[in-house]
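Structure, as structure tokens:
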Amino acid sequence: MTLFTDFGLAQPILKALAAEGYEKPTPIQAQTIPYAMEGRDVCGIAQTGTGKTAAFALPILHRLSQSPKPRQRKSARVLVLSPTRELSGQIADSFRAYGRNLRLTTTVVFGGVTISRHEKELANGVDVLVATPGRLLDLIDRRSLSLRDIEILVLDEADQMLDLGFIHALKRIVTLLPKDRQSLFFSATMPKTISTLAESFLRNPAHVAVTPVATTAERVEQSVMFVSTGRKQALLEVVLRDQSIDRVLVFTRTKHGADKVVRSLDKAGIVSAAIHGNKSQPQREKALAAFRAGTCRVLVATDIAARGIDVEGVSHVVNYDLPNVPESYVHRIGRTARAGATGLAISFCNDEERAYLRDIEKLTRLQVPVMPLPEGFSAGPMGGEAAEPRREQQRGRPAGHSRGHQGHGQPRNTDPNAERGPKRRRHRGPKPANAGQPNGGQRPAQAQPAQGQRKPQGQPAQKRSEHRGDGAQVAWLDKGPRRR
Ligand code: AMP
């Protein structure tokens, strides 16, 4: 177990942590602090609430305490960029709390208050400056601040920055920073746009990640195809003919099902291997080695067997069967989003699995877009439900699957071949926003929310705006204070 004393942090900082009541580092702190203490750049995937503020603040305070320097006028040694005034204020509070036993100054600047107040605070220079990008550029343009002395840069909640339209401000700020600096970059999600932004800020970064289960889902581009059980194999073969799929994991619910898929693919001339609980260790290793080497681009797996699979570069996940445990879905698709990568997940859904799909959407709070079947491809007999709206699905259950079975309206898993996984649990999350979609779920793609779009919840955010350095007005959503 890692302790705060293992990091080599200065005594006054350890004393402050004890006063805060922190007993041991959180996972993001345990991962980030050693790299940051070495002076390395860090690219972290972490959400608010994981303790990421301390993950960057503690090593920064340590470094400042070990190399005291006189403050320079209109200047700072550390710059923390954050998207909102609330977050900026909280970050500044954290620096002050963890640095309470050090003689360091922390100032926070954001739009919406008179700029002369910030100009006064910066006149004699500060150690740590926490800023929203717009106000920072305003101060620079008024020659009230220079970034020439910045030794450490933190970019926090990068994905929110982009959502709020700060991309141009960030691109400009990066040109004003000294090249010789340490940079720490954090985002809750890491789609391509964010990783490209990260590259412009970072030099040979260490990658760290703590991803709550539901967040993984946001990094993966997902789709669902409605198809009957009898047509799934044919559909898989059509999907796999796409040569842009270079490494694909196909999930089946049962061991028997996995073997059957492999046999059928073999007949179709597609090389694949199965990995599941009935395979011996040497057989598994052989299959994995071929998959890693790229000699076998299709690996068919059950959920349990897949847990041990840690293969980089899985471009696609195909859910041949949807899992009856929604968490398994997130773990499955997460195989294609390792180390911040993004990937594609395609799910085949028959009538009976629609209930599973709804539970998945409840858990992830995302609506899985429907992908039309390839042109001319028949879905096969889908029962009466195929042509009915999803709302009907929520009222009625698939024939033969009454609520009595598992208390959640799920088909009971009576297949003796099914590998045992975690027990289902009840989710009491909000109903998916797609309830009542017309067209039997075969909705046109443009009717779907963008990939990764969260369903609205809680208090409505308030619109705010700030004057940007280039004369434009920047608007953002004030989501209110974070929960502590
Ligand atoms: P953050 O994700 O940085 O907003 O932190 C979330 C909350 O966790 C804040 O209230 C912190 O004060 C608290 N916190 C951060 N690190 C620790 C720790 N190691 N032990 C206990 N609480 C912590």
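Here the Cβ of each residue, glycine as well, is placed from N, Cα and C on the backbone.
TrEMBL lists motif 'Q motif' for one of the ranges 2-30, 234-262, 321-349, namely 2-30. Long-range Cβ contacts of the motif 'Q motif' (2-30) within its own chain (Cβ-Cβ under 8 Å, at least 6 residues beyond either end) map to 37, 44, 46, 50-52, 54-55, 58-59, 61-62, 65-66, 97-102, 208, 210. Broken down with DSSP, the motif 'Q motif' (2-30) shows 18 helix, 0 strand, 11 coil.
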